[in-house]
Each structure stands twice: as structure tokens, then as C-alpha cells.
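Listed in Swiss-Prot:
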DOMAIN    39-266  domain 'Radical SAM core'
BINDING   CYS54, CYS58, CYS61  [4Fe-4S] cluster binding site
BINDING   CYS98, CYS129, CYS189, ARG261  [2Fe-2S] cluster binding site
Amino acid sequence: MSEEKKQWSISDIEAIYQQPFNDLLYQAHTIHRTYHDPNSLQFATLLSIKTGACPEDCGYCSQSGHYKTHVEKEKLMSVEEVLQCAKEAKEGGAKRFCMGAAWRCPPDKAIPQLKEMIEGVKSLGLETCMTLGMLTKEQASHLKEAGLDYYNHNIDTSPSYYDKVVTTRKFSDRLDTLNNVRSAGINVCCGGILGLGETREDRIEFLLTLANMETPPESVPINRLIPVEGTPLAQAERVEGIELVRTIATARILMPKSAIRLTAGRTEMSDELQALCYFAGANSVFIGDKLLTEDNPQRFKDKTLFNKLGLTEMV
């Protein structure tokens, strides 16, 4: 049985996650070096192509129509606008261009326009990723026809804690969409958010869910919550840095071939904490000044840090 086909148990993951920190880092970094270049990062850019007024009630999200936040509603961008942003992203060093829309599920009438975006971005030589909410099998097939490389659909947290964060959909709805994406032949990008009020046990169950998928996600984004004023989680306690590193290291051990993306929350991290995350197995980041609606480290800050650490762009 291959590493990716192993069925992990909670006790397996507890033993990994809770071992002495130095032992955990050593194990994770050893695996990381086996499967990846430890001194290279994948650069991606994320663009909000349709912003705000989402009917879902995710307790962390600035784009939910249930809460009054700083986000202003914006309609779906034109293909031309998206392609201009993609060109700028490529000039800035991005290799993958991710497009996010604040929908529960995309309206069928938008699919032709979305397909044009995919085709246009691919023609620039960029990998494509979309996150549009729940997808039917038919919609996933249409996106695949256009050449979509990745679809992001995060499970956010553990199955046990999920309904404390979102009530307008079920955890099983997330899994259904992931199955539709996988069946269409699109690579899966799936991770979650730390700092939603979950326990360590929830984080372990969250990792168990990802690692025990029939095929683990090719890309696993790990977000550190950016509290947004106006949302139910605006005052959530920030997850400790060491806990973040433990989560990344455990993800690397459980899913050795996956890209582990250090995503939201980097603006609040010290250089030293980011360095630990990369040592533990994170090998992908979003570059640019925005992550959908929230700030991201400015390019020059990223460049300075990556130069200090000797990290280069993944070829």
C-alpha cells in the first residue's frame, strides 16, 4: 500500500502532531526534502472576480451577505478585466492564477463567461484555479472542458466543528463538490482555516479528513484566520504560531506529495514564523497585495524575506 493510500486513524495523527516539536519538524522536513525542493516555492495569485453578497453565513467571511463588513458588493468581472489582472500577475512572477467568486454555487448562465476566463488565462501560459462555491457534475465538466487545472473548495475545519462555523450548508455538501471536481478530472485544492475557535482535536480531525480522501488534494491551503470586523469571528483568538507550524508539519507528513500553501494570515506573521512554516513543509504562497478582500504581504517584503531564506521560485 502506498503512502497516499494509507488510512490514518485519529490516534496515528495524534501521535505525529503531539510529538516533541523538534522531532515533528525533523520528520516533516525529511519527508519534505524527499518529495520536493526545500528551497523553492510555488507562486500563485488570487483575484476576486465577483465580490460580496454571498448567501452563505460562514462566520469568518467578509463576503457573506449576512454580515455588515468593509466589503462592497461587485458584480462578476468581464473577461477582459480578468485577463488584464492575469497579465499583471504573470509579470509579478505568478505561475498559477486563481479566480474566486462569492457564490453559493455559480449560476449556469455564468459558465460560458467563466470558461472564457479559463481559456484566456491559460493562453497566457498560467495554470488556472477557480473557487466558485458548490459545483454540480455538469458544471465541473464544463470547467474541465475549458482547461481548468485546479478547483479550490476548502473543508474549512473538522466535520465535528463545521456547523459551529457555517449553518447554511452541510459538511457533506463540501465533499459532494470535491467528488464532482475529482470525477471531472480537475486537480483538487482543499484545506482550511486555523483560529475559528476549534480545538487541537478539531485540527487533527481536519487533517485526518484530508489525508484519508481516496486521492489527497494536490494542493492544501492552510489559512490563519484574519478576523474581520462585523463577522461573528471578529474577536476570535488567534491560533498560536507553534500550533500553526505543527499543523503544517503534520500535513506534510500525511500528504507528502501535496503542495502545502501558506495562505491567509501571513501579514501578521514574523519572518521567523514564516521561516519555520517553510521548513515544516509549506512550499506554496500567494503573492500580490490582496487575498480576495484582505491584505497580503507586499511584493517587496516577500522578495526580501525569500532572499534572506534563500528561497527561489519553483520551476
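Glycine too: its Cβ is placed from the backbone N, Cα and C atoms.
Locations of recorded Swiss-Prot features on the structure.
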{"residue": "CYS54", "record": "[4Fe-4S] cluster binding site", "CB count, 10 Å": "22"}
{"residue": "CYS58", "record": "[4Fe-4S] cluster binding site", "CB count, 10 Å": "23"}
{"residue": "CYS61", "record": "[4Fe-4S] cluster binding site", "CB count, 10 Å": "26"}
{"residue": "CYS98", "record": "[2Fe-2S] cluster binding site", "CB count, 10 Å": "28"}
{"residue": "CYS129", "record": "[2Fe-2S] cluster binding site", "CB count, 10 Å": "24"}
{"residue": "CYS189", "record": "[2Fe-2S] cluster binding site", "CB count, 10 Å": "28"}
{"residue": "ARG261", "record": "[2Fe-2S] cluster binding site", "CB count, 10 Å": "23"}
Query - Distance, CYS61 ([4Fe-4S] cluster binding site) to CYS98 ([2Fe-2S] cluster binding site) (CA atoms, angstrom) - result: 18
Requested in this report: For the recorded [4Fe-4S] cluster site, enumerate neighbouring residues of the same chain (Cβ within 8 Å of the Cβ centroid of CYS54, CYS58, CYS61, site residues themselves excluded), in sequence order.
Outcome: GLU56, ASP57, TYR60, SER62, GLN63, SER64, HIS66, ALA102, VAL166
Query raised in the report: Given the [2Fe-2S] cluster site residues CYS98, CYS129, CYS189, ARG261, which other residues of that chain have a Cβ within 8 Å of the mean position of their Cβ atoms, reported in sequence order?
Result: ALA44, LEU46, ARG96, THR131, TYR150, ASN152, SER219, PRO221
Report task. Round to the nearest Å and give the CA-to-CA distance linking CYS189 ([2Fe-2S] cluster binding site) with CYS61 ([4Fe-4S] cluster binding site). Result -> 19
